[in-house]
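Please read the structure below before turning to the comments.
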Amino acid sequence: AECSVDIAGNDQMQFDKKEITVSKSCKQFTVNLKHPGKLAKNVMGHNWVLTKQADMQGAVNDGMAAGLDNNYVKKDDARVIAHTKVIGGGETDSVTFDVSKLAAGEDYAYFCSFPGHFALMKGVLKLVD
């Protein structure tokens, strides 16, 4: 099984993937985030945040309040399963999480929590056999 994925977020506020599948056979899964754009992180920064679908809006709202210094993720937010830091154009970051944190049949969402981005920059993560 492929236990990692590469995803890019650009200056047009788009991820290049709308869906990520994670195999149950993976013990851990790694997300490699790349920003192929030119704009700085304080202007057009992107991160990759994973929550349950139902938790997305709350995590986004609290993340905005947390600010850029905290990567727009509330400190110790139990709803956030995994997240990268916020990166700007030309930068990369990765995050690895335990697949055991995912439950079969649950709906998971990934998104960028930079203010105003999640409406366009989001996708679905699925646990598969």
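Note that Cβ sites are derived from N, Cα and C of the backbone, with glycine treated the same way.
Annotation source Swiss-Prot lists domain 'Plastocyanin-like' at 1-129. Annotation source Swiss-Prot lists disulfide bond at Cys3-Cys26, citing similarity to another entry. Positions annotated as Cu cation binding site by Swiss-Prot: His46, Cys112, His117, Met121.
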Site with most surrounding Cβ atoms, counting all protein chains shown within 10 Å, from the binding-site residues His46, His117:
His46
In this structure, the one of the recorded positions Cys3, Met121 whose CB has the fewest other CB atoms within 10 Å is Cys3
Once His46, Cys112, His117, Met121 are set aside, which residues in the chain still have Cβ within 8 Å of the Cβ centroid of the Cu cation site?
Gly9, Met13, Phe15, Gly45, Asn47, Phe111, Ser113, Phe114, Phe118, Leu120
Using DSSP, tally how many residues of the domain 'Plastocyanin-like' (1-129) sit in helix, strand and coil.
24 helix, 45 strand, 60 coil
Determine the minimum-neighbour residue: among Cys26, Cys112, listed as recorded positions, which Cβ has the fewest other Cβ atoms within 10 angstroms?
Cys26
His46 (Cu cation binding site) to Cys3 (disulfide bond): how many Å between their Cα atoms?
22
